[in-house]
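Trainee: Take a look at the following structure, please.
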Amino acid sequence: MKQTTISKKVEGVGIGLHKGEPIKLILEPLEANMGIVFYRSDLGSSFKAEPKNVINTQMATVVGNEKGSVSTIEHLLSAINSYGIDNIRIVLDANEVPVMDGSAISFCMMLDEAGVIELEADKKVIVVKKEVEVRDGDKYVKVTPSKNPKFNYTIKFENPIIGKQSYTFEFSKENFLNEIARARTFGFLKDVQKLNSMGLALGGSLDNAVVIDDSRILNPEGLRFENEFVRHKILDAIGDISLLGAPMVGDYEAYAGSHDLNHKLTVALLSDEKNYEMVTLDEQKAKEYAKAFA
């Protein structure tokens, strides 16, 4: 099984969630063994999508270095991961990925336009060998060994519109497109108003998020799925876990997880070589792990 990249450059424009200004996004092919690289064209600085470059996880996942950063990367990374793309250059002229419609479907459309091609180098994957768990009170995220990766997520909110929701997603590109990619980010009106007063979430609107006001959903079209909220949490998790630097072969489980817990999980997993094995998918190994990339 070979490494992949996109076959041609594609461009898009969208609004930044926090500043509310137009942002140009360019996806470019990249050679083998380069991974996922962000490039800030306005600063001339670049950095890889990997745990050591994560600098903030408060409201979104942020990667960067002393020369600059990029925020709200998880939706784009979720699409890239689900399409099995190993190497890609993400060019931005601002400090955040455009929010698009609050889901990953716009990024999937860009990847469809670009196409995916194989490179000469064999694909590398991170195979989970031991259970690794990170907790914060009753909240937790964990990974366990499995050759047929699944994401099992449970959320619990006091708000009756969300309540308690659980969903199990069997990882594949087809399943991602059908079950996860269209699930939008969500928030509460009171929180949005507070963020706006702080100069944040200025690009947030009913066009790019599900907004909840006490006991009702403000979006006139309603939800895309009955359990869209927990599906979006899985979307986020797929993006956050892709920061491992190679596709993960293992099961992911979360209860009331977060970007912060996901980041701590990737760090914990990679902190001990007994937790995982970096496997090169030559012809023999590709057959062994074929189900993980169906």
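Quick reminder: no glycine exception, Cβ is built from N, Cα and C everywhere.
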Trainee: Swiss-Prot records H232, D236 as Zn(2+)-binding residues. Which of H75, H263 is assigned to the same site?
Mentor: H75
Trainee: According to DSSP, which of helix, strand or coil covers H259 (active site, proton donor)?
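Mentor: DSSP assigns H259 (active site, proton donor) to helix.
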Trainee: If you count other CB atoms within 10 A of each CB, which of H75, H232, H259 wins among these recorded positions?
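Mentor: Top count of Cβ atoms within 10 Å goes to H75.
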Trainee: Measuring Cα to Cα, tell me the gap between H232 (Zn(2+) binding site) and H259 (active site, proton donor) in whole angstrom.
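Mentor: Computed Cα spacing between H232 (Zn(2+) binding site) and H259 (active site, proton donor) is 12 Å.
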Trainee: Near D236 (Zn(2+) binding site), which residues of its chain come within a Cβ-Cβ distance under 8 Å, counting only those 6 or more away in sequence?
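Mentor: Set apart from D236 (Zn(2+) binding site) by at least 6 residues yet with Cβ under 8 Å, we have E74, H75, S78, H259, N262.
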